[in-house]
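J.: According to TrEMBL, the record shows the following:
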- 8-29: compositional bias 'Polar residues' (COMPBIAS)
- 1-40: region 'Disordered' (REGION)
- 99-117: transmembrane segment (TRANSMEM)
- 211-231: transmembrane segment (TRANSMEM)
- 243-260: transmembrane segment (TRANSMEM)
- 297-321: transmembrane segment (TRANSMEM)
- 350-371: transmembrane segment (TRANSMEM)
- 392-412: transmembrane segment (TRANSMEM)
Amino acid sequence: MRQRNKAAISSPSLTNNPFGKPNSSSSDSDQTEEAHDSNPSVSSRKVFAFCLAFRLVNALLVQTYFNPDEHWQALEVAHRITFGYGHLTWEWKKGIRSYLHPLIFALLYKVLALLGLDTPLFMIKAPRLLQSMFSAVGDLYLYKLSVLLFGDHVAKWALFAQLTNWFMFFCSTRTLSNTAETVLTLVSLYYWPCLRRSSSKPPLISRKLGLAIAALACSIRPTSAIIWLYIGLLELFVTRDRLRFIFLEVAPIGILVLGLTCSLDRLIYGSWIIVPLNFLKFNFLSSGGDYYGTHKWHWYFSQGFTVMVLSFLPFSIAGILQSKEWKLSGLIAWVLGLYSMLGHKEFRFVLPMLPIALMFSGYSLATISISNSPSGKREGYSNVSSKFPTKIQLAIFFLLATNIPMALYMSLIHQRGTEDVMNHLSKEVLNEKVKSILFLMPCHATPYYSTLHRNIPMRFLDCTPSDEKGMPDESDLFMMDPVGFTSEYARKWSLPSHIVLFEPEEKLLRDFLVSHSFRQEKRFFHAHFKVDRDLQASVALYVLTGQ
């Protein structure tokens, strides 16, 4: 493979190209691209096997709570489909969620149940292990896309960036719809002709496959249309068969995928629901997402995406400038720009752009790794594996020193209490020690039936958005006056056997709990610093005396 690369570098049309990447002005570019794509120096099977092993370990190391949707919009729904019980949040009552994503995990739960493996350990670990397999596919396609655009040397560094970035480690094995969207985005981008450097006309099947996967991503996350609008317009601009693209590919494939998704939702909802339309109405036309908080327009640029990329940021910027791959860098700017126009912002919304930014980091790292070779070109990198130039050593040390501690801290320590308390209760319930549970904490702060896996009465504080703007929900009322709210609620409650609450509220309610015959059974560490509320240092579990 190296001989093939050297031959490419010696070609007059590629003399300004340090990695032997395909050049659209070269008559030999098609052959070069095919060589990189079909026979890279590291086979796709080996790359996938390595990524799969890495992500499986990654999944086992992720033991903290990040976003409620990981449990409440995926696993909780899947648990209800498979076992007949589980809580559906207000989004499902309004029809702004598709069942397509939860069905993946419903199938997993069904297999576990048939095998008699629906035990606490498997119910907790299996979903993330399954997601790790999908994430490994995304890692593979990032590598393949990098080979396609820049050659296998850059691809190795892009994969290094992908696997060592703290946020990808922290988030990629979680059962969020955003992680599925990210995987589908990486797979689809690989098949779009408009992103290829080759001047040849790729097979139509490639574009059709890319379209189908993009449509699937939009079915899972309707906001993914922001990504594919950009790619679609780009393809429309460069393709010669525009009418065929619109009427014989986009329209039929889009209608087919939408029709299949709507039919699937019809079976479970019981009526015809057009999820993308309802999603658009709630999040864009009525700004319903703002109910959960807003950020300033520049948040993704100044904080959100910057924190996700972290120490890879200067390498990503350098890679964009060095590679001059404006189509993909333009996609990052397009997505961040449009999402910045929305009031409600979250890290996970722009997750599909993170691997692309990391691919540019890989380009920059590859440039550094060969910068000391005699000719300054790729033929000098054969000794890189045995003796790194000082610059690349420093770069690797800097990136690992800043990302590994962050990844491990966020995955193993920060906000783990709400996971630990439910894991503990799922074991206690097997011994018939738990009869009912009351969660006196902000809504959706813990996993629910999908972890407990026992159909017992449970109650959490509701936070369904009110039709009246500014009207506090039940969760807000509790946080404003924990003692007053709980005292009022206790007048009509059916006494629970267990109560779960955060330390700040537990301190205020301690006398109340003791007066109602509750005692502290266990305390779980949660966090060292506050996130968006007062410091929630620990989670307290109280049990009714005599239980």
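Even glycines carry a Cβ here, placed using N, Cα and C.
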J.: Give me the stretch from 211-231, 243-260, 297-321, 392-412 with the greatest number of Cβ pairs under 8 Å to the transmembrane segment (350-371).
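T.: Looking at each of 211-231, 243-260, 297-321, 392-412 in turn, the most contacts to the transmembrane segment (350-371) are made by 297-321.
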J.: Can you tell me which of 99-117, 211-231, 243-260, 297-321 gets the most C-beta pairs within less than 8 Å of the transmembrane segment (392-412)?
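T.: Stretch with maximum Cβ contacts: 297-321.
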J.: Which of 211-231, 243-260, 297-321 shares the most C-beta pairs under 8 angstroms with the transmembrane segment (99-117)?
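T.: That would be 211-231.
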J.: Can you work out which residues elsewhere in the same chain, 6+ from the ends of the transmembrane segment (243-260), have a Cβ less than 8 Å from its Cβ atoms?
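T.: 204, 207-208, 211-212, 215-216, 218-219, 232, 235-236, 276.
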